[in-house]
Ligand code: ATR
């Protein structure tokens, strides 16, 4: 019987996940379908119960349900538990098991373009949900020095305080971070600053960017944000948010099927569809 997968969120019509996963099911000859489900805040419990009852094999979870979903699951992976958010659910032997592939997906995508070592000094701009997943996954993977620059310092302080992994972290204001920018090898932009339609906004001046530094932005609409344009102009290596999106999807696909899919194909497929859709 055809297996059912999907994604739940509000809004959901913009999601590229159906395009990405349905193509993979076709490529790997898996008799399955991935469907976008529009689930409003108050309907989450009923929706999850329904998906379980109709034997949905697995689903992704997106805004605004990534935290609340945890109360409706049977088991939660320890890293997802620490992050406090689930983006992937596997339905296995009658149990719904939650994982977070966002942070790991970011790292997997990054690894293809930048080598993270023991001595890598990281600056994360932003301290929201995405920053948390990336921060905890990096600390979990052994990155030792990760600083923050966020509009609201208190939010960054909370992330650092609640991190269960050993990592050295400081919080800087925008001005302080701009001044000491040359001490970082890797800068990760996780805020919504620069996202379409405000494509000329940048959360940080890169005037003091160090030689050999790498700048990653998790935004992929536009594909090249103002901060990435600036970084490129200064000769730095850059990466947009498409890799994180593709690799979080690849890791979810692997959890559902046991196959780690062709991420080059996935990226090409998403790029092809991005032209006609808002993301
Ligand atoms: P996500 O889940 O995508 O990370 P989020 O949890 O709402 O979204 O986090 C958004 C991040 O972008 C926060 O760090 C936010 O800063 P605050 O903690 O001060 O709210 C940051 N952000 C959003 N708009 C911003 C702006 N105009 N200038 C600076 N930072 C901004």
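Cβ coordinates are placed from backbone N, Cα and C, and glycine is handled just like the others.
Marked as domain 'Shikimate dehydrogenase substrate binding N-terminal' by TrEMBL: 7-89.
Residues or ranges marked as shikimate binding site by TrEMBL: 15, 16, 17, 62, 87, 102, 220, 248. Close to residue 248 (shikimate binding site) in the fold, though at least 6 residues off in sequence, lie 87, 88, 101, 102, 104, 105, 106, each with a CB less than 8 Å from its CB.
The feature active site, proton acceptor is assigned by TrEMBL to 66. Counting every protein chain shown, the number of other Cβ atoms lying within 10 Å of the Cβ of residue 66 (active site, proton acceptor) is 22. In the three-state DSSP scheme, residue 66 (active site, proton acceptor) is classed as coil.
For the domain 'Quinate/shikimate 5-dehydrogenase/glutamyl-tRNA reductase' (111-192), the model's pLDDT averages out at 97. What TrEMBL lists as domain 'Quinate/shikimate 5-dehydrogenase/glutamyl-tRNA reductase' is 111-192.
The annotation NADP(+) binding site is assigned in TrEMBL to 126, 127, 128, 129, 130, 150, 151, 152, 153, 154, 155, 218, 241. If you take the C-beta of residue 128 (NADP(+) binding site) and look for same-chain residues 6 or more apart in sequence within under 8 angstroms, you find 155, 190, 191.
Taken from TrEMBL, the feature domain 'SDH C-terminal' covers 241-268. In terms of DSSP helix, strand and coil, the domain 'SDH C-terminal' (241-268) has 22 helix, 0 strand, 6 coil.
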(message) For the domain 'Shikimate dehydrogenase substrate binding N-terminal' (7-89), how many residues does DSSP put in helix, in strand and in coil?
(response) 35 helix, 18 strand, 30 coil
(request) Return the maximum Cα to Cα distance in Å (whole number) over the record's NADP(+)-binding residues: 126, 127, 128, 129, 130, 150, 151, 152, 153, 154, 155, 218, 241. (result) 26
(request) Report, as numbers and ranges, every residue of the chain located at least six residues beyond the domain 'SDH C-terminal' (241-268) whose Cβ falls under 8 Å of a Cβ in that stretch; write 'none' if there are none. (result) 5, 16-17, 20-21, 23-24, 27-28, 30, 57-58, 60, 87-88, 90, 99, 101-102, 104-106, 108-110, 112-113, 217-220, 223
(message) Here's one to test understanding: among the binding-site residues 126, 130, 151, 153, 241, whose C-alpha is closest in space to the C-alpha of residue 62 (shikimate binding site)?
(response) 130
(request) Determine, using Cα-Cα distances only, which of these recorded positions is closest to residue 16 (shikimate binding site): 66, 126, 130, 153, 241. (result) 241
